[in-house]
Structures are given as structure tokens and as C-alpha cells.
Amino acid sequence: PQMGTFIGVYLPCMQNILGVVLFLRLTWIVGTAGILESFAIVFMCCVCTLLTAISMSAIATNGVVPAGGSYYMISRSLGPEFGGAVGLCFYLGTTFAGSLYILGTIEILLIYIVPTATVFKESNNEAMLNNIRVYGTCCLILMALVVFVGVKYVNKLALVFLSCVILSIMATYAGVIKTLIPLNQSEFNVCLLGNRSLRGEMIQSCSKMEVVKNISVRTNLWDFFCTNGTCDEYFLLNNLTEIKAIPGLLSGIIKENLWSHYDPAGTMIEKENHYSVPAQVPSNDKNKYFVFNDITTYFTLLVGIYFPSVTGIMAGSNRSGDLRDAQRSIPTGTILAILTTSFVYISFVVLFGACIEGVVLRDKFGYSVNNPVIGALAWPSPSVIVIGSFFSCCGAGLQSLTGAPRLLQAIARDGIIPFLHVFGHGKANGEPTWALLLTVGICEIGILIASLEEVAPILSMFFLMCYLFVNLACAVQTLLRTPNWRPRFKFYHWTLSFLGMSLCLSLMFICSWYYALVAMLIASCIYKYIEYRGAVKEWGDGIRGLSLNAARYALVRLEEVPLHTKNWRPQVLVLCKLDADLSVKHPRLLSFTSQLKAGKGLTIVCSVLEGTYMNLKENAKTGEQNLKQAMAAEKTKGFSHVIVSSSLRDGFSILIQSAGLGGMKHNTVLMAWPAAWTQDRESSARRNFIETVRETTAAQQALLVAKNIDSFPDNHERLKEGTIDVWWIVHDGGLLMLLPFLLIQHKVWRKCKMRIFTVAQMDDNSIRMKKDLQKFVYELRLDAEVEVVEMHESDISAFTYEKTLVMEQRSQMLKQMQLSRTEREREAQLIHDRNTASHSSMSDKAAGATSDHVHMTWTKDKLISERNKQREGMAVKDMFNMRPEWENLNQTNVRRMHTAVKLNEVVVRKSKDSELVLLNMPGPPKNKKGDDNYMEFLEVLMEGLDRVLLVRGGGREVITIYS
């Protein structure tokens with residue numbers, strides 16, 4: 001790398017920025033928009049590129065930027081998704097820029113150099129467009145062949161083309177200075193008929209009569225405006241006037257050119273405040289001899305047409321690999337080039353308005369002076385501008401056809417967009433042949449449009465999109481203050497980047513709101529495609545840093561405010577077991593977890609390996625990888641973790657205590673029923689299970705235990721019909737109600753119906769109980785059938801019914817307190833706030849303690865007070881007590897087992913054919929003597945049922961009737 005700032009950055013940027021719009025459209029923009037609005041257009045666009053260059057300089061000096069330029073900078077700063085989307089937008093912009101330059105080349109060729117070399121000879125606009133299409137296609141093929149044969153020829157000619165541009169600009173400034181010379185007589189004049197400008201090609205003499213050999217004869221204009229002895233009325237009523245096309249700096253013409261002249265298409269160009277007699281009968285067939293607007297003009301159109309003239313600021317960064325000191329040359333060269341070209345554009349806006357007649361400025365193609373308008377001003381000859389602009393457009397077109405395929409090749413070789421893989425290949429020397437072919441094909445689309453005014457806004461959109469994301473990348477990196485953000489270029493600030501980003505977005509919609517939406521749609525589609533199908537790349541981008549900052553902020557915010565019942569959702573810790581091959585033993589646990597994710601909660605899938613970490617660290621990594629693969633296969637989104645512990649029991653205990661972070665800790669534990677415990681009653685499976693139940697209860701976490709988990713449906717199945725049955729024995733926070741609702745949201749269970757069963761004794765008011773329960777379910781906004789099952793007192797413990805959520809008793813208590821609806825809501829919220837104690841703390845309260853408020857849930861305090869009222873001295877405890885004495889006398893066990901058998905008979909009779917049965921899970925025994933009885937009880941309770949989910953609440957309300 002030998003190139004310095006001047007040759008490597010400054011001159012390439014100058015060549016790319018100065019081009020077709022400067023020579024072919026700037027005079028027309030000044031004439032149409034006026035000096036003031038033209039200055040606003042130029043200033044807006046130049047500020048936009050200057051701010052973008054500042055952001056780009058900061059990114060480019062924050063490390064080495066290899067080939068790819070802007071694509072590399074954005075992709076490494078904002079990630080592969082943004083990088084790919086913006087890289088392709090930049091590629092399309094560069095490709096359409098090639099179309100723009102080729103169209104400019106052909107326009108100069110057919111209008112100013114060889115106007116007779118047309119294929120279609122008709123003198124209408126459509127024939128002209130077809131000529132441009134034919135010659136443009138030929139020119140494109142010729143340029144593509146030059147690029148294919150060798151880029152070195154393009155690079156060698158670059159300085160020649162740039163010399164032509166600089167020579168043309170110097171000739172223009174020389175022409176302006178020439179107008180200050182008093183004796184200067186401009187060779188260019190404009191002929192006006194009335195106040196309308198005539199085409200110069202038809203004028204031999206700007207008069208109706210001329211003297212030839214002392215005889216007054218008619219000029220050739222009569223031949224144009226008179227046919228078969230009938231003359232055009234406007235021609236007869238108005239005189240011909242010849243005015244200077246270039247009045248000069250001292251003429252005062254600047255006053256007339258300050259203001260805009262926007263007109264619809266087909267409007268003839270007229271000189272303001274010039275005498276004219278309107279014709280009574282307009283003659284449309286004679287209008288072709290006047291100069292007129294070919295398109296409707298308005299401010300936003302001109303912004304879109306002008307903006308391509310300030311693009312090209314990336315030329316220096318694209319050559320970063322060839323620079324001696326890229327981190328110094330790129331900022332200096334790029335910003336100096338922008339300042340220089342901005343001065344040229346702004347000075348030209350003022351000088352054109354101050355030197356050139358308004359009707360000539362508004363003459364887009366220079367028909368009135370038979371030359372480019374800027375050529376009429378230039379010194380010594382218009383040919384300097386014609387030849388200079390022709391070679392300038394040729395050189396810029398070749399540069400675009402050289403740069404665009406390389407950019408596409410860089411994107412393809414990154415491998416982030418699979419379908420572009422073929423464009424990464426090329427010739428043996430690395431030249432991107434396939435990318436060049438695609439570039440030529442896209443470029444041809446622009447040439448077939450054949451209008452410089454219609455192609456310019458398209459590439460404006462793509463360049464603005466690219467510049468927007470360069471500013472965004474700099475702003476994100478600056479605000480995140482990542483340790484790696486250490487650019488050598490220090491003159492940047494996030495506010496400048498944000499201003500540049502806002503200006504880019506504004507200019508997109510100013511230029512063309514529908515093109516802006518299309519460009520955004522294309523970028524969004526590419527972004528989503530890369531996100532779903534692209535290769536996974538980790539480039540340490542700013543978006544990941546932004547995600548980390550957002551996550552940290554959200555976690556801190558979650559910790560500040562206690563969770564409300566309305567925001568409760570199952571945050572599931574899935575306890576998985578791995579087999580000898582470190583594969584997941586029950587993958588359907590993961591399927592079931594994803595089916596519960598209608599709550600959009602957290603999922604942590606964990607497993608434990610028994611041993612020491614130093615011996616099993618590789619196994620732990622393999623196990624964690626297998627967990628991730630299983631989660632991906634079952635479409636379960638969440639986190640996975642494998643820990644190594646001296647025993648499985650200790651490992652699961654650590655996970656229950658410490659999994660999660662801050663407000664994103666789990667509140668629910670999901671595990672499979674240990675079916676093998678009956679073969680070996682002393683097995684670790686039984687002990688692990690009961691200890692897990694104890695620990696989740698102590699940690700105030702809900703517990704879900706799935707029986708026959710391997711028979712549960714996976715995510716590919718669709719249950720055609722069926723029911724999800726809830727056996728609501730104890731109101732344990734409402735989790736039993738919530739889980740079926742969440743499952744039915746998933747497509748697997750969507751066609752299932754929800755049924756709620758509750759148990760009453762024979763002498764209870766079952767009808768009223770069902771009615772109250774239906775009302776409660778309705779207020780919970782759940783669609784469920786309600787059924788009350790009556791059982792004999794001998795078949796079920798007396799207190800089973802007492803511990804059911806009795807709507808009748810609750811209604812009576814509320815009425816006794818004579819609460820209004822508002823007070824009732826406040827009361828319920830107050831109870832929610834206070835009723836957060838764990839089950840264990842409830843059981844340790846004094847038996848005589850009473851609450852000051854109406855309880856929404858049945859705690860042990862309420863149970864004891866109700867029991868003492870009705871059954872003094874009753875020794876047998878309910879099977880669903882919070883802390884039942886499972887190790888009590890045999891008589892108690894017999895009574896309990898009798899209850900389990902009878903309840904199981906009812907459940908099997910009612911729910912045998914249901915798709916899923918949800919049952920309340922009783923609390924674990926206080927000491928280990930009752931473990932066997934507890935497991936036997938659960939086994940009997942679930943006997944004969946295929947899919948069962950045992951549910952134990954976490955000691956807080958999880959569902960509410962209030963909005």
C-alpha cells in the first residue's frame with residue numbers, strides 16, 4: 001500500500017461526487033427551483049453527506065477496514081442482518097448509479113455530439129427514449145467488456161476522466177469571470193416569440209422579416225408557423241425579441257432567478273414581465289417549435305434528482321486496503337473532498353443564477369442555445385463542457401460497474417445470504433465474473449427506464465438507506481461506550497450521527513415517499529431472510545451490545561417493582577434427565593414447555609451430571625449442546641444449562657434455588673413423574689422427587705409433574721377434538737385454571753375444550769355451587785364447562801369440600817361486610833399484596849390466628865377456624881392439607897387411601913377419554929417416614945389415567961377477575 005491521502009482518497013471521492021447531475025441538470029434545478037430553494041436543496045444534501053462522512057470516519061478509524069468498505073463497516077458495527085440488508089441496498093444504489101451515468105453519457109452523445117445518429121427518426125419524446133435505450137444497452141455491454149477484460153485499465157483511465165471533470169469546472173469558472181469584462185459579447189442569444197422561448201435549431205434570424213439585397217423578405221420562421229396560407233395566430237400577434245443567454249454577473253438577472261418556477265408537464269417556458277399577446281385559438285401543432293417542460297416539476301422531485309450528485313463519499317473507504325495510513329487518510333481525504341465539492345455546488349448555484357437568463361436555465365436540454373446550458377457559460381468553448389462531461393460520465397459508469405460486483409462478491413463470500421453464494425466465485429485472479437453479470441442485468445433495468453429523472457430517485461433511496469445506517473452504527477457504538485470503541489478520529493459525537501440519521505430519513509421521504517417505503521420493505525425482507533436463513537455470524541456488533549444494555553436495564557427495572565397478579569406468567573424451570581449418551585431422556589417435556597409458552601414466559605432447561613467438574617467438564621459441554629439441539633428440535637425457545645454436582649439431589653436443589661437472574665427467575669418447576677420408583681422403593685428417584693416437592697414448596701414455586709410424559713403430543717401433532725379436564729379440589733392460587741387456557745392457545749391443543757370439575761358432598765347445595773362457579777369462571781374470562789361431582793361423606797374426607805373455593809360462602813361473607821364493588825376490588829388487591837407467604841410459613845402460624853380481611857385463597861388459618869366450628873376434636877386430617885401427617889396411624893392411612901381410591905374412580909369415570917387431566921397435588925410429608933405412603937397415594941390417585949398433570953401452586957394468586 002503506497003497511496004496517500006490525495007491520490008488514494010481525495011481524488012477518487014472528487015471523481016465520484018462530481019458528475020452527471022452537475023453538468024446536465026444543475027442549471028435546470030437552479031432555474032426551476034430558484035437560487036434560494038436550490039441553495040436549500042444543495043445545503044441539505046451536502047450537510048447530510050458531511051455528517052455521514054464524520055460517522056464513517058469514526059467507524060473506519062476504529063480498526064482495519066478491509067475490502068467491502070461501507071458494507072464491512074456496517075456489518076461489523078450493526079451485525080450481519082443489518083450489514084447484509086444495507087450492503088445489498090448499497091450494491092443496488094451503486095448499480096443504478098451506473099445506469100444513471102450511462103444514461104447521461106448517451107444523452108450527451110445524442111443531443112450535443114451527434115444528434116443525427118438516431119435509430120428512431122421521429123421527432124417525439126418516445127422515439128428519443130427508444131434511442132437512449134438502444135444506445136444505452138450497447139454502451140453498457142461495451143463498458144462491461146472493458147471491466148471484464150481488466151480493471152487495471154479502468155484504474156489507469158480514472159485520472160484521465162477526473163482531469164476532464166476538473167477542466168470542465170475550471171472552464172465554467174473562467175466563463176463566469178469572462179462575463180465581468182465590459183467588452184465581453186456573448187455569442188449565445190435566445191430568440192423569444194412574445195415571451196416564449198424558441199428552439200435554436202430552427203432559427204436563422206430572430207425576426208419575421210430580413211433585408212436581402214435591399215429587399216425585405218420573410219425569414220424561415222414563416223415556413224414553420226404558416227401552413228397552406230394560414231398562419232398561427234400567436235405568431236402573427238407577437239413580435240420576435242433576441243436577448244442574451246448569458247447577461248453576466250453585473251446584469252442584475254440574479255433578482256429574477258431568486259424565486260421558483262414550478263410548472264406542469266407541457267408548459268412552454270416563458271420570460272416573466274415580457275410583453276406577450278395571448279392567442280384566442282391555441283395551435284397545438286405549432287408548440288413543438290417552442291421550448292417546454294417535459295415533466296411536471298416540484299421541490300421534492302428536484303431533491304431526488306439532485307441527491308445522486310453528492311454520493312460517492314465511500315470511494316476512499318472502499319480503497320482502505322491500498323492506503324499507506326488508512327486511519328489518517330480516510331477522514332482527512334473524505335471530509336476535504338466533501339467540503340471542496342460542496343463549495344463547487346453552492347458557488348455554481350449562485351453563479352448560474354447570477355449569470356444566465358431564466359428562460360435558458362429552465363431549458364433542461366439547452367434547445368434554445370443548441371448546447372448544454374453550462375456550455376454556453378463556459379470559456380473558451382462549449383466543447384470543453386461537452387467532451388469533459390462525456391468522459392466524466394463514462395469514467396463514473398466504469399467505476400460503478402467495477403465497484404458494484406466487488407461489493408456483491410464481498411457480501412456473498414461472507415456467507416450471510418445463502419442464495420448469493422454463487423456470486424462469490426469469479427475468475428482465477430479473483431475477478432467477480434458472476435457478480436458482474438448480475439450487475440449488468442440490474443443496470444439494464446435502469447437503462448430501459450431511459451429517464452435520468454426517474455432513475456435518480458431510485459438510487460437516492462438506496463444511498464440514503466446506506467448513509468442512515470452508517471450514522472446509526474456510529475450513534476449506537478458511541479452511546480453504548482463499548483470498550484472496543486476507540487476510533488482515532490475524535491471529532492464525532494452521537495448527536496451529529498443522530499442528526500445525520502434523521503436527515504437521511506427525512507430526505508428519503510422528501511424525495512419520494514413510495515420509493516422510500518419500497519426501499520425499506522426490500523431492506524426489511526433481506527433482514528428477516530438473513531435472520532431466519534442466514535449463516536450465524538458473531539462479529540461483536542453493536543446491536544448485540546444494545547441488546548445487552550436493554551436486557552440489563554429491563555432486569556433492573558423488573559427488580560424495582562413487585563410483580564402484580566395480572567403480570568404473572570409461568571416462568572418454567574424444566575428439570576431434564578440425560579441418559580448414558582448425554583441425550584435428553586424425555587424430549588416431550590420440552591414440547592410441553594413450548595406449548596405452555598402462550599404466556600410468553602421464561603424457559604430454563606437444566607440437567608445435572610453426577611461427579612466433579614474437572615472430570616466431567618467436557619461431558620457438561622456436550623450435554624448442554626444436546627439440550628440446545630433438543631430444544632431446537634422441539635421448537636422450545638429459552639436457555640439451557642448443565643451443571644456438575646456431587647449428587648443429583650444437590651444439583652437439582654442448587655438449580656431450584658439459583659436458576660435465573662433478578663426478575664427473570666423461574667416461578668414454576670416442571671418435571672416428569674418418576675415411574676420407576678415402584679420397582680425400587682429405596683431408589684434415588686423417589687427421594688429426589690419428594691425432596692424436589694419439598695424444596696419448591698419452601699421456595700414458593702409452583703410445581704408441575706407430568707405422568708406418562710412420553711405419550712404427550714409433540715409440536716407437530718394436532719388434536720382434532722377432546723377435552724382438558726381440571727379437577728379443582730383445592731383453590732391453590734388459580735394455576736389449575738390458567739394452565740388449560742395457556743395450552744389451548746397453542747395449535748396442538750387449540751381444538752380441545754376445557755372442563756372444570758369440583759367435588760361436593762351429597763347434602764350440599766350443588767345447584768347453587770355450580771351456578772356460583774360458572775359465574776366465577778365467566779368473570780375470569782375463561783370458556784369452560786362446569787360440573788359439580790357429588791360424593792358420599794364416607795367416600796371423601798369431610799374437609800375436602802371445606803377447602804374447595806366455595807363461591808357461596810365467599811359471596812355471603814362479602815355481603816355481610818356490605819362492600820361496594822369498588823371496595824371489593826380494593827379489598828381483593830390488599831389481600832393479594834399480603835397473601836404472599838409460603839406454604840411452610842402458613843403452616844407454622846398459630847392455630848387461633850385470624851385474618852383481618854376476606855381471603856381469596858383457603859389458607860391453613862381459615863381451614864383450622866372452619867374445622868373447629870364444625871368438627872371439634874376431629875383427628876383425621878384432609879388429604880390436601882398443606883402439611884398432612886402422612887406418617888400417622890394406620891387408620892389414617894386406610895382412610896386416606898379409601899378417599900384416593902374413591903376420588904380416582906370418579907375421575908376415571910368422568911375423564912377417562914380426555915386428552916389431559918389436571919389434578920391438585922397434595923403437600924409432601926413433614927418427615928421421611930411418610931414418603932412411601934405419599935407416593936402410594938399419588939399413584940392411586942392417577943391410576944387408570946393416560947396423561948396427567950399434577951399441579952401444586954406457589955402460594956400466590958396467579959389469576960384475577962379484575963381487568
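One-based numbering along the chain as shown.
Yeah, the Cβs are placed from backbone N, Cα and C, and that goes for glycine too.
Some features that TrEMBL has for this protein:
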DOMAIN    9-188  domain 'Amino acid permease/ SLC12A'
DOMAIN    296-573  domain 'Amino acid permease/ SLC12A'
DOMAIN    699-963  domain 'SLC12A transporter C-terminal'
REGION    832-852  region 'Disordered'
TRANSMEM  6-28  transmembrane segment
TRANSMEM  40-65  transmembrane segment
TRANSMEM  85-113  transmembrane segment
TRANSMEM  134-151  transmembrane segment
TRANSMEM  157-176  transmembrane segment
TRANSMEM  295-315  transmembrane segment
TRANSMEM  335-356  transmembrane segment
TRANSMEM  434-452  transmembrane segment
TRANSMEM  458-480  transmembrane segment
TRANSMEM  492-516  transmembrane segment
Spatial neighbours of the transmembrane segment (492-516) far in sequence, C-beta under 8 Å, 6+ residues away: 44-45, 47-48, 51-52, 54-55, 57-58, 300, 303-304, 307, 457-458, 460-461, 464-465, 467-468, 471-472, 474-475, 478-479
For the transmembrane segment (434-452), distant same-chain residues with Cβ under 8 A (at least six beyond the ends): 20, 24-25, 92, 95-96, 98-100, 102-104, 107, 129-130, 132-133, 136-137, 140-141, 144, 147-148, 305, 401, 404-406, 408-409, 412, 422-423, 425-426, 458
The transmembrane segment (335-356) versus listed stretches 6-28, 40-65, 295-315, 458-480: most Cβ pairs under 8 Å: 6-28
Highest-contact recorded stretch vs the transmembrane segment (40-65), from 6-28, 134-151, 157-176, 295-315, 458-480, CB pairs under 8 Å: 458-480
For the transmembrane segment (85-113), sequence-distant contacts whose Cβ falls under 8 Å of one of its Cβ atoms, 6 or more beyond its ends: 19-20, 23-24, 68, 70-71, 74-75, 78, 128, 131-132, 135-136, 139-140, 143, 308, 311, 314, 365-366, 371-372, 375, 386, 389-390, 393-394, 396-397, 400-401, 403-404, 407-408, 410-411, 417, 439, 442-447, 449-452, 455-456, 458-459, 461-463, 465-466, 469, 519, 522-524, 526-527, 530
Among 6-28, 134-151, 295-315, 458-480, stretch most in contact with the transmembrane segment (157-176) (C-beta, under 8 angstroms): 6-28
Contact call for the transmembrane segment (295-315) and the transmembrane segment (134-151): at least 3 Cβ pairs under 8 Å, seq gap 6+: no
Folded-back contacts onto the transmembrane segment (134-151), same chain, C-beta under 8 angstroms, at least six residues removed: 98-99, 102-103, 105-106, 109-110, 119, 394, 397-398, 401-402, 405, 431, 433, 436, 440, 443-444, 447, 450
Integer average pLDDT (0 to 100) for the domain 'SLC12A transporter C-terminal' (699-963): 67
